[in-house]
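*Asks:* What follows is a single structure, and I will ask about it in a moment.
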Amino acid sequence: MASSVSDSKMKIVHGEAGYILEDVPHFSDYVPNLHTYPNPLRSNPAYSVVKQYFVHMDDTVPQKVVVHKDSPRGVHFRRAGPRQKVYFKSDDVHACIVTCGGLCPGLNTVIREIVCGLSYMYGVNKVLGIDGGYRGFYSKNTITLTPKVVNDIHKRGGTILGTSRGGHDTGKIVDSIQDRGINQVYIIGGDGTQRGASVIYEEVRRRGLKVAIAGIPKTIDNDIPVIDKSFGFDTAVEEAQRAINAAHVEAESVENGIGVVKLMGRYSGFIAMYATLASRDVDCCLIPESPFYLEGKGGLFEFVDKRLKENGHMVIVIAEGAGQDLLTESMQAMDQKDASGNKLLQDVGLWISHKIKDHFAKKDTIDINLKYIDPTYMIRAIPSNASDNVYCTLLAQSAVHGAMAGYTGFTSGLVNGRHTYIPFNRITEKQNKVVITDRMWARLLSSTNQPSFLSPKDLDEAKKAKEPPTQLLEGNNCNDVDEADEKEQPPTQLFEGDNFKYEQESGNHADNSIKTEN
């Protein structure tokens, strides 16, 4: 394979048949005279019976799994997991963990599993928690983290380390890392936080420091690209059901009852869309990606009137970023931003509730009874559910394996059901959004039987946009493939290496594909 490196941010490896590996940086790229050590997992009793535990150096994961027979192999990412050799002695590791940005279910689970993974798998006993986000590196105290300290924290919401927005001063942060003798930094946060982590990595590299910078992507909105989903998302969708159920009970219990529920989703409507699909009690779902209008034929008011006449009640779910262009009275406030650079949004749920009330008050033909429920902060403050706990564990352990193996400047993420190491720039280059010309949105419209609220002009613009399909189920990250479409895979052979085993497909070495999960 031929490799090329355009700059320190991107390592590209080209192979046969259109194979492209978007690789992550490694200490060997810029630190001379590196020493390697046998992986302590070789003598760990927990893994002594595990076959194929160590990941082969050439294992990669394709970004696109639905292809045609003549398609190029496309973009791949390095597969996550433990390697034969590590670049740190266990006693020399001094790690730290920091959480930044808003709260999200699962933060404490990630913290716990990083600490326990370092301790139980690699024998590391020096782990610090940075208090209060990025600014905690230079303005606050640290917290000593041990398996005993973090034992029960996964049962609590929030983060035991505290968090904040902003406060990123690259020079001060790297100075603090260097002064404290820290050589592994685990950064948990959203796209803004990962962008900050990328800058920290660049400065660490510029100084020639042997410090691993590993990111764990966190966004309850599920708006980070490339990865299948972000941790906390399943919990958020599940918890949103309680608010939707309450709104349905309120609406159904009175004549012409309307329940309005506002859910999180600043730029992406994934929580609203999946909560609506899961509930089956929602009559209308409004998200930032799908424009809507209130007055006139085909507008929201007409649909509300129609649904009340048919059923006598209705439930509306609206994402917090939906309809912001309609809040003309608050245009000045929309230009304001928080410390993370996010626009400060107006309360669209309260606004649309007032608009619906005003509309029917003017008609004077139907007396409505509207209840507005905003569970936003209740949802993000709860502990993660069982599914997210497992996901958080795998993300954390993957990050630990990567740092110990000498990788740096990467984010640990799930791609097509496989854990990978993704370059920072791929995580921060754009936001993942619901594609309203995709089948997933069509499924929602079929479920609620609501109109699209799109004018012919809006529909034409959406089709011309040529946006990638929704990641969770369709297109580039599609796992929803009919069995008849699946090709029979070539047989695998089991090879034994130096005190480890891995599976390798028979045939050309460049065509190896993943067969086991770390």
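Each position is counted from 1, following the chain as shown.
The backbone N, Cα and C atoms fix where each Cβ goes, glycine too.
What you see is a predicted model, and the numbers here were worked out from it, not measured in a lab.
Straight out of TrEMBL:
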ACT_SITE  Asp221  active site, proton acceptor
BINDING   Thr219, Ile220, Asp221, Met264, Gly265, Arg266, Glu320, Tyr377, Met378, Ile379, Arg380  substrate binding site
COMPBIAS  457-467  compositional bias 'Basic and acidic residues'
COMPBIAS  498-518  compositional bias 'Basic and acidic residues'
DOMAIN    96-401  domain 'Phosphofructokinase'
REGION    452-518  region 'Disordered'
SITE      Gly192  site 'Important for substrate specificity'
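What's the neighbourhood like for these features in this structure?
*Replies:* All protein chains considered, the CB of Asp221 (active site, proton acceptor) has 30 other CB atoms within 10 Å.
Around the Cβ of Glu320 (substrate binding site), a 10 Å sphere holds 25 further Cβ atoms from the protein chains shown.
Taking all protein chains in view, 19 other C-beta atoms sit within 10 angstroms of the C-beta of Gly192 (site 'Important for substrate specificity').
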*Asks:* Just the number: how many Å between the Cα atoms of Glu320 (substrate binding site) and Gly192 (site 'Important for substrate specificity')?
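*Replies:* Between the alpha carbons of Glu320 (substrate binding site) and Gly192 (site 'Important for substrate specificity') there are 19 Å.
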*Asks:* Could you tell me which of these binding-site residues, Gly265, Met378, Arg380, has the greatest number of Cβ atoms within 10 Å of its own Cβ?
*Replies:* Gly265
*Asks:* At the level of the C-alpha atoms, what whole-angstrom distance separates Gly192 (site 'Important for substrate specificity') and Thr219 (substrate binding site)?
*Replies:* 10
*Asks:* What's the CA-CA gap between Arg380 (substrate binding site) and Asp221 (active site, proton acceptor) in angstrom, rounded?
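*Replies:* Arg380 (substrate binding site) to Asp221 (active site, proton acceptor), Cα-Cα distance: 10 Å.
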